[in-house]
Protein chains: 4
Amino acid sequence: MSALKLHGIVPPVVTPLTPDYQVDEVSLRKVIRHLIDNGVHGLFLLGSTSEVVFLNAKQRADAIRIALDEANGAVPAVCGVMDPTTDRVIENARQAKELGVDGLVVTSQFYPRTSQNETIVHFSMIREAVDLPIVAYDIPVCTQLKLSRETLMSMYEQKLICGLKDSSGDDGNMRMVMKDFEDKPDFSILTGSETTVDYALLGGAHGNVPGLGNVDPAGYVRLYEAAQRGDWDAARAEQERLIRVFQIVFQGVPHTSPNASGVGGFKTAMHLMGLISHRHMSRPNQLIPDAGVEKIRQILTETGLLH
Amino acid sequence: MSALKLHGIVPPVVTPLTPDYQVDEVSLRKVIRHLIDNGVHGLFLLGSTSEVVFLNAKQRADAIRIALDEANGAVPAVCGVMDPTTDRVIENARQAKELGVDGLVVTSQFYPRTSQNETIVHFSMIREAVDLPIVAYDIPVCTQLKLSRETLMSMYEQKLICGLKDSSGDDGNMRMVMKDFEDKPDFSILTGSETTVDYALLGGAHGNVPGLGNVDPAGYVRLYEAAQRGDWDAARAEQERLIRVFQIVFQGVPHTSPNASGVGGFKTAMHLMGLISHRHMSRPNQLIPDAGVEKIRQILTETGLLH
Amino acid sequence: MSALKLHGIVPPVVTPLTPDYQVDEVSLRKVIRHLIDNGVHGLFLLGSTSEVVFLNAKQRADAIRIALDEANGAVPAVCGVMDPTTDRVIENARQAKELGVDGLVVTSQFYPRTSQNETIVHFSMIREAVDLPIVAYDIPVCTQLKLSRETLMSMYEQKLICGLKDSSGDDGNMRMVMKDFEDKPDFSILTGSETTVDYALLGGAHGNVPGLGNVDPAGYVRLYEAAQRGDWDAARAEQERLIRVFQIVFQGVPHTSPNASGVGGFKTAMHLMGLISHRHMSRPNQLIPDAGVEKIRQILTETGLLH
Amino acid sequence: MSALKLHGIVPPVVTPLTPDYQVDEVSLRKVIRHLIDNGVHGLFLLGSTSEVVFLNAKQRADAIRIALDEANGAVPAVCGVMDPTTDRVIENARQAKELGVDGLVVTSQFYPRTSQNETIVHFSMIREAVDLPIVAYDIPVCTQLKLSRETLMSMYEQKLICGLKDSSGDDGNMRMVMKDFEDKPDFSILTGSETTVDYALLGGAHGNVPGLGNVDPAGYVRLYEAAQRGDWDAARAEQERLIRVFQIVFQGVPHTSPNASGVGGFKTAMHLMGLISHRHMSRPNQLIPDAGVEKIRQILTETGLLH
């Protein structure tokens, strides 16, 4: 496996959509520029925040092609290949490789009831089929399976994975994973949290994949840089401001689903900030209602992101 | 919505595979003949037991085309269109309609965290896009969302669904759903259970979608016919024999996953009985180990299915 | 272990309370007479429906003493001994034995995270300490642990248990347990369901522990007797009427908790029917609001229980 | 409510037992001295780690009396009053108050299915009955109910609670709770984690209730003091050493339950270190097997706690 060592702020790039639900090229280029100009260290294309499982092969290809073209190699770009089962993930992975991504981000299977051992087989088949570095993605709220400490170490030792994106919300277990891997310098661990990034960096995480980084990449970069220089007071202050911004994800429910409230919150904020032309998500996600939009506008104003 | 009122035994048809993981046409035709010749009342193509989420568009099309051709209209054939999100389900549904199925079987979304209300929107968009009757499929163990009584009634009243396949395992709730719909003669309710079919029929269910019906369709047809004529002693006796057969689904774990143990158990039995050429499932499902195969052979012998 | 083979309708007796939250002797005697006069086959004192974990040792003793005195040996009486851990259960069990109950009903531990193996040890210690027959009580919604088929069989073979009350709601698994025990005539299996009792009896269950049996014991006795004589049409018709009555348990939420809505529904109905003097539950359960009371009155009237 | 503002290291004191399962006074006094001499800032008597729900009223009274006597007012002592329901909690609370504790630690109800609103009523009844400050204890793994942000704020505003012990493992939500309460200087927030204490302190938590603090109070005090002076490198280094020690809790499973593995790990370590005379827990918890004891000895030796 060619080397890939992610670090720093690697946002899961939002996928802006046109009114007819295709990838909005103008907006996506603007988002990529916004992220790179604000100093992010990598791009995670087609993550959960990118509505990946809502997109078909063409839409996924469009999103990858446009993002890579706009990024032009400024930072490494990894790509989610989420689908329920192994060979369908491999189809996605082959397309992503052909389009030039630097690595894959892979979850366990979902919909079928799977197991830790089967997950290792799943990763090994993907690894065998497509010659790209793989970051394991632990997101049990979507997949129903938590990648165990033993599974992660076994996959590392079999050279199946080069890193972990932990979106499990279980910071205590992630801390122990970081200890398990402390003498494996070629393995990178990133937290998917938006609200405990200073924690993870204090604990030795190499980086962060914050959905909210689409809205405020500069904030997350400042947080990361403060942590890098050991200025934990500054890191915490930045994190606390970002927690205030993060409240934008709670303005849709109960009108919408948790998914539409979260990603919809990001898109609504980016639309208000002039970053994307439309704030709607893929079908059937419903728009955040007007009261929620106003609350998001207020949060952005109070936290200095909207003037 | 054109009328579709399913009843009786409607097995979720196993998808036999060739050594290179394509649809095994010869075996699939044999399975369809086996089912129809033994008196099943309908076919459920591309259910969870059919490994639907493991199959790509071409494989799904092959399975539908071959099955419909072999069935030749002898019984109605509905088709699962499972994928994580609405527009991808619609793509599957369009293909299925074009190939000539009589109805669709639709779950809630999965992977994204969804809600009851969003699920109603999801169904309404599919209904709008593809003019085919829709059976709601409640399988929370795979989707993480249980379709509530209120959601089912709302979807019926909006003319979105014409039936329910209940694979939730919650027979008490299903019983109340049957009461909720007792004066809706155009709505059909089928249980996805293998082991409480006599129960469901006693409670007024119109039919059954048993994965084990691939192995022993005649048994389930006898069970259904006994229930139809009110001979509950005969129905129970048949059910009890089928419960003994059903133990074939527990012979893989812990070696395999729950999914590979269950569907793998069916395929192993069908292979032993000479119905399909190969017993493997789609990747990454592992084969049931030899000891499990022997146990399955023993169960089939003891229950009169293998001589 | 002295023999105890429960069968038939064994309601979990509601515990009526005085305004100062003590056992209401007059009402409890009335309830016991109501049950026995209507033909129940046993009494389950201090079940979940009896608010057992809300009651201290004195209240539990009062409830047992009054109930046994009023029943006067007309039917066997078993007693729940629920508390979080082994030795506290044993204290409850000793008191219950001293007061003269015929058997104990025992759950796994709760609050501490336990396991199947530890549960077997838990039962064996109780069995060792108190010489009374034990019925295992499977209620994972309260305890977080489902008693597995293997655990039940192991406990039976070690002579720790003589029966099962299954309140798991998993009728498919319970069906397989009934098959597992089909050649053990000294083991009795009762369902805790209110809505699938005809199912369970068809499947071979020996009896039923219905909370709703406090409200309508005659209905459940008719159901049981119909099943005994193989008249499944009559059993189903009675069950369907009882399902309509059962809707009284849904009239409290969201105002109250699920527990207060369920047991509160029973108590409200019994109060409206003149069986108990007060309808409140132990603290902190809130009363079902007026609109719910009216709905309960309407349900009772429509189902012939109130005139 | 009289003021109580907990801070610093407040270990949940292990309850050493004699061979006949009574409170081992000599050992408990030794433990209390060990904690106070090593600088802890408070004592949490009768927490989950203290096996509280395994102890009857007399055992609980013994544990409180001995601990308070030995502590002699050196640090504040709060007391868990865990039992399934409100009035039984109040009985425990009255005894604890009479014995002289400084505050109560209260969970939601468990075993009955409860709700957020009912939990607020539960707390208000306890608050009304016993005049002692109350710390809310969020431990959904035991109670099945997570205290929501809204519930916590509502209870604070009604002057029902003066603090939170968060053992939910959801550090992201706890972080938002800390932001919610940032302008409430009379409310104290403590984490129940052993492995992310530096995180919580960085985020503004006032203290920590570490079960492992029984084994290594000096380590947690050093961690807290490093955080207090803003030396996050030192805090992290201490935390990382403590994570290595924490692996003692995984040496029992699968032989024992998760509870017996965790608390049993602490007791085994304390026995090896000469702090308590016996390492067994209350029944039915099984001893950690010899191989686990050896592993614990090795961990203690490698981390400098055993020589």
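Cβ coordinates come from backbone N, Cα and C, glycine included.
Annotation source TrEMBL lists pyruvate binding site at A:Thr49, A:Val209. TrEMBL lists A:Tyr137 with the feature active site, proton donor/acceptor. For A:Lys165, the entry in TrEMBL reads active site, schiff-base intermediate with substrate.
Annotated features taken from TrEMBL, shown on the structure.
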{"residue": "A:Thr49", "record": "pyruvate binding site", "Cβ neighbours (10 Å)": "26"}
{"residue": "A:Tyr137", "record": "active site, proton donor/acceptor", "Cβ neighbours (10 Å)": "30"}
{"residue": "A:Lys165", "record": "active site, schiff-base intermediate with substrate", "Cβ neighbours (10 Å)": "28"}
{"residue": "A:Val209", "record": "pyruvate binding site", "Cβ neighbours (10 Å)": "30"}
Between A:Thr49 (pyruvate binding site) and A:Lys165 (active site, schiff-base intermediate with substrate), the C-alpha gap once rounded to whole angstrom: 13
Integer Å distance between the CA atoms belonging to A:Val209 (pyruvate binding site) and A:Tyr137 (active site, proton donor/acceptor): 11
